[in-house]
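Chemist: These came from TrEMBL, pasted as-is:
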- 1-171: domain 'Peptidase M12A' (DOMAIN)
- 70, 74, 80: Zn(2+) binding site (BINDING)
- 71: active site (ACT_SITE)
- 173-285: domain 'CUB' (DOMAIN)
- 287-398: domain 'CUB' (DOMAIN)
């Protein structure tokens, strides 16, 4: 396998290891192991067979994250979701549309289902048109609502994680948040959270960036936040770069923007004092980032070329406590309008969209140098559906 393929596989397996107690390690001398090969098709044995156990992956067929996890889940002992014993209550198989010779893929299994509900969003679920003999004719139709999407391969669903953790008797507190916006909170919130917990939330938004905000925050304080803390990673595992290192006390927490489509939130408590915990919300944004270096440059998308239509971008700058942030506009050209209602830039003295702001700025007006009163700044940029221009470039330092 090529280096890039190995990287894709490692990323997919890392997500399983992060959210469950199933860990993938490189083989040394073990006699029973999984061997990933570049096959003619995407396939896997069901459960452990012993010895060298092959899993077949095809570069242009199943090298995306969810497809790799799909085949590995077979090796872990999981069947296709639409093969569950109770599937007829949730989907209708359109036998007349299935390619000849492939009907065996749509059989039903006398499965135990682990006491967990049917999951249309599972990576183990076929898509509506898989193995269709006729273009536009589905092979699987969800019931009673045929519009329910099936067959996603973005990554493990929340129930996929729950099933692995239940089958392998994992003592894990982990959740997947795959929608374009949502909210989550510490266990028992707003009542005090329990002692001795470690919980993970993986936010994953399709082809978008993630903007995370905390509405409430109260954790047991400690000098280095080693007792109870929240920690946030810029990716899908604890090996990803840290967006926010261990944080405790009463906040407030800064808003954060992931540089990609995944963000991992970790919350831990020790055996002593507890507090009410936290509540957070997230939504998708087209562009943006979180900056923690002492100086840098922020540009509109595609600069110096024209910025795209219909964009909402958020950049958070975070400095150490006691360091103020200075911004200087180096070039600025946006669509002009009365009161800047079409394309515009806002600079917030704080990390939230509700923080005090200067602006909106548009056209080619002079943007005054800006210095924060605290250690967070949020730069917000919006474009509408007409009239794109080169945009802006600004520098910051603290």
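Backbone N, Cα and C atoms are what each Cβ position is placed from, and that goes for glycine too.
Small disclaimer: the values here were computed from a predicted structure and weren't measured.
For each feature listed, report its degree of burial, its nearest neighbours and the pertinent distances within the displayed model.
Modeler: The Cβ of residue 70 (Zn(2+) binding site) lies under 8 Å from the Cβ of 42, 62, 123, 124, 153, each of which sits 6+ residues away along the same chain. Annotation note: residue 70 (Zn(2+) binding site) sits in a helical segment as assigned by DSSP.
Residues near residue 71 (active site) in space but far in sequence (CB under 8 A, at least 6 apart, same chain), listed by position: 42, 43, 44, 55, 56, 57, 62.
Under DSSP, residues within the domain 'CUB' (287-398) fall into helix, strand and coil as 3 helix, 51 strand, 58 coil.
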Chemist: Give the residue from the binding-site residues 74, 80 that has the most other Cβ atoms within 10 Å of its Cβ, counting over every protein chain displayed.
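Modeler: It comes out as 80.
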Chemist: So around the Zn(2+) site, 70, 74, 80 aside, which residues have their CB within 8 A of the centroid of those CB atoms?
Modeler: 44, 71, 73, 78, 79, 123, 124
Chemist: DSSP says what for the domain 'CUB' (173-285): how many helix, strand, coil residues?
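Modeler: Its residues divide into 0 helix, 58 strand, 55 coil.
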